[in-house]
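Before any comments, here is the structure.
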Amino acid sequence: MSSYDICPPTERYHEESMVLRELSRKEDELFTQLDRSYDKNKRAEALIHRDKRNRINRVVQDLSNEAKTQTTSRMFTIKRLAREKNHWFSHSPPAQALATAVIEHCLHPRCLLSPMDADYCAQMVKNIHLQGTPGFSTLMCYDKLLGDHIQVMTFSCSEYEARNYGRFLHGILVDIMRWHGDEQAFMQDNRTKIGGKPVYLPGFQMKWSSKSVVAIEDIIKWTDYKMLVKKWHRKLSRNLLHCLESGQFVHIYNALIVLKEILGVFPRVEVLDGVGTVVKNVVDTILQNEKRSDIKVLGRSYSASLKHRESEWKAPESSKIGVPPKATPTAPAVRDNHKVNGVPVGPSSGRSSASVPTDTRRATAAPASAPSAPRSQLATKSTTPTSTPPPSAKPPLLTKAAMESIPRPEVVRRVRPDTKTPPSNPDAMNVDAPSVGP
């Protein structure tokens, strides 16, 4: 079997069909436009666009038929697996030993062969779980796949095998993260319906047992599953960091390849905060001290991709530092009804100061308790009390008071020189002569 038998790429078929249909539409528009032209050469060119449109339509039809064939093949394969699942592990081996045997003899040897085989192995683990295969513990299988042997698998591979192994881990982590982020999807993939009744699958049992009927109490809780995913991420990071810090070429190079393949699902801040920062610091240290060009080129590529996804593995600063507390509202200051701008004012005639309107947009007359001078003048006379103006005197308007509060420049008198000559008789009294000076 291959990955097309258990999970055909229906989305990819749909995307390619949409692109080709758009090209066919454009070619059809060009054909229609040129075919209606009066120019003979343009009408001949229209035939070329018609042929292109027909070829594209044939490709779209072939893709549609191929997608239907793949879907039919998948349905047949799933039915066959459902018939055969009860005989795979009928000898009832221990769940831990069975998971180890499946990994050593089935998953690891094939996932290194090609990218398609890597995808097939990751999808096969999920399909065995969804089939409710008796005797197979999905939790134990994932626990061993993401265990301490990752370091050995990483440095024992060639460059091509390391890429395939990273692709396999990516497929495993995609399914794990989907259940981690959605409780409804987690519960949906752990039960099925037989005869209209819900039946729970045995793969996610907290304590493994080979009983035929599994109750909901036996299934691991979603919160406990999230803690288990956190442990798997911690093991994965520890093994890959050991390879990066070993100083050996194969260890570092293959670890960078694996990290680059699983970048979309590891590291993740919602699972384990701080791992992304540690990985970034280790890679930056390697780039500063490493002299081998192969490692530096691959390390720069991974570092740039990791920085581009910084929001996925690094918590925002607001969650670390904390949002500053909001200012608590304070009670308004008690107003002294007997003072206005620091100047004591006498009581109003039968009214309290609370009834004084505060709308300054209108030029209305102030009440009897209002000050009789502008505010700027009152501020300078705050130390001396003022008497209340008589009720008959009209207070100035607000606009006029504001204009009067503006300081005016000092008046400068111009002195004109006296052009008249003094009298010739010094003994005569100078009565009519103007005085000199101001």
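Even glycines carry a Cβ here, placed using N, Cα and C.
Confidence across the domain 'THO complex subunitTHOC2 C-terminal' (2-306), taken as the mean pLDDT and rounded to a whole number, stands at 91. Here TrEMBL flags 2-306 as domain 'THO complex subunitTHOC2 C-terminal'.
Mapped onto DSSP helix, strand and coil, the compositional bias 'Basic and acidic residues' (308-317) counts 6 helix, 0 strand, 4 coil. Taken from TrEMBL, the feature compositional bias 'Basic and acidic residues' applies to 308-317 (among others).
The region 'Disordered' feature in TrEMBL is assigned to 308-438.
The compositional bias 'Low complexity' annotation in TrEMBL covers 324-333 (among others).
The compositional bias 'Low complexity' annotation in TrEMBL covers 342-386 (among others).
Annotation comment: TrEMBL describes 410-419 (among others) as compositional bias 'Basic and acidic residues'.
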* State the non-local partners of the compositional bias 'Basic and acidic residues' (308-317) in its own chain: residues 6+ outside its ends, Cβ under 8 Å from one of its Cβ atoms. => 263-264, 267-269, 273, 275-277
